């Protein structure tokens, strides 16, 4: 069994990615629109290119991590090779995303768009490499189902802490000016403040990345994958499960069921993060203080629930745990759809934030655990399978957000973000629950052997 230092090291290993992702989903649109002066469409293109680049990179990285040859003396099958390479790319490129266009300040919008999208693609490739490698470590580190779930629970706990940290850092660094109506404003003068935030994020993320590399060991004795022309015996006391072929993976119904669970969960989580601020500002028309506090309440609820998610999975099983989270999500979505007015805006909205935050952790930890169950002992395909999950996640989320923004531009009515938040969150949770319920296997224990 893993010691606590290794478990903690694994938990903080994704913090750099989590910090950068929190900045990406929360601030990239308003930064490019209000600070750099991009049009709304161009700012949306930046985010869409990022999502598409991530979606395209993850399966490729997964295949190379599982099946890659040696290149220039470097074994591409090593998880840490991809993890370290990805982390370095993230640290080197993310500062350029939140800076002025070097040497092209007065260039045309098209030139600026191309400039930033180059760094977006590099950043997302690095982010995807670190993410896939980090997730693929779970089945490599332990065959025990409960221990895998616990690792994923720790990982999600630090994800939530990263979101809270970005919130506090941004709240402390950004001195947001307000007009007479109390509406928050960002200006091009805030560019330097965003750079301060990025330097803090990269510094903290670099420390946690080094800690992961020191405390989490990758076994050099047992190869992660036995190729088709290699013998299946590594040593007398080590047995490697037969590797499923790529054709076998894609011909299995279970792959698409797991993808449905993962995709529904990620759509819910990302839409919550992206639309809640717009819902509070555009639909409920709350003051700047409430718009800042309510997401914080949601993050705290998610953090507390993440501490219990692993226990829930062990006590109740995957299906019951996920259904509980989905029921909470649908209930909160119905509340958002039906309620408005003084009491809701002043008090009940905080209860909704607690419900959404709790559902986020329960669904995400369970979806990751279901993916780990699907991998089982087939660790030679773990990076590729996590890459497939990330592909459907990024592609679907990018499409959903673009559709929402396009409809908002054409419809533009007050209740649009309320309707979008309620419908998309409820529908995605239901999709994940239905996908999980159709999977064959015991409620408790591993789904695939």
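Each residue, glycine too, has its Cβ placed from N, Cα and C.
Automatic, uncurated: that is what TrEMBL annotation is.
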Please identify the range among 81-98, 99-116 that TrEMBL labels transmembrane segment. 81-98
Among 24-49, 50-75, TrEMBL marks as transmembrane the stretch 24-49
Look over the recorded stretches 24-49, 81-98, 150-174, 383-408, 420-439 and say which has the most C-beta pairs under 8 A to the transmembrane segment (118-138). 81-98
Per Cβ pairs under 8 Å, the stretch of 24-49, 344-371, 420-439 packing most closely against the transmembrane segment (194-214): 24-49
Within the same chain, where does the transmembrane segment (81-98) have neighbours whose Cβ lies under 8 angstroms from its own Cβ atoms, ignoring anything closer than 6 residues to its ends? I mean 6 or more beyond. 13, 16-17, 20, 23, 28, 31, 61, 64-65, 74-75, 116, 119-120, 122-123, 125-134, 191, 194-195, 197-199, 201-202, 205-206, 209, 212-213, 383
Recorded stretches the transmembrane segment (320-338) and the transmembrane segment (420-439) touching, at least 3 CB pairs under 8 Å: yes
Using a Cβ cut-off under 8 Å, which residues of the same chain at least 6 positions beyond either end of the transmembrane segment (288-308) come close to it? 153, 156-157, 159-161, 163-164, 167, 171, 176, 178, 182-184, 272, 276-277, 280-281, 349-350, 353-358, 360-362, 365
Are there residues at least 6 beyond the ends of the transmembrane segment (344-371) whose Cβ is under 8 Å from a Cβ of it, and what are they? 135, 148-149, 152-153, 155-156, 160, 258, 261-262, 265-266, 268-269, 272, 276, 280, 284, 286, 290, 294-295, 297-306, 309-310, 312-313, 318, 321-322, 324-326, 328-329, 331-332, 335-336, 385-386, 389, 425, 429, 432, 436, 439, 447
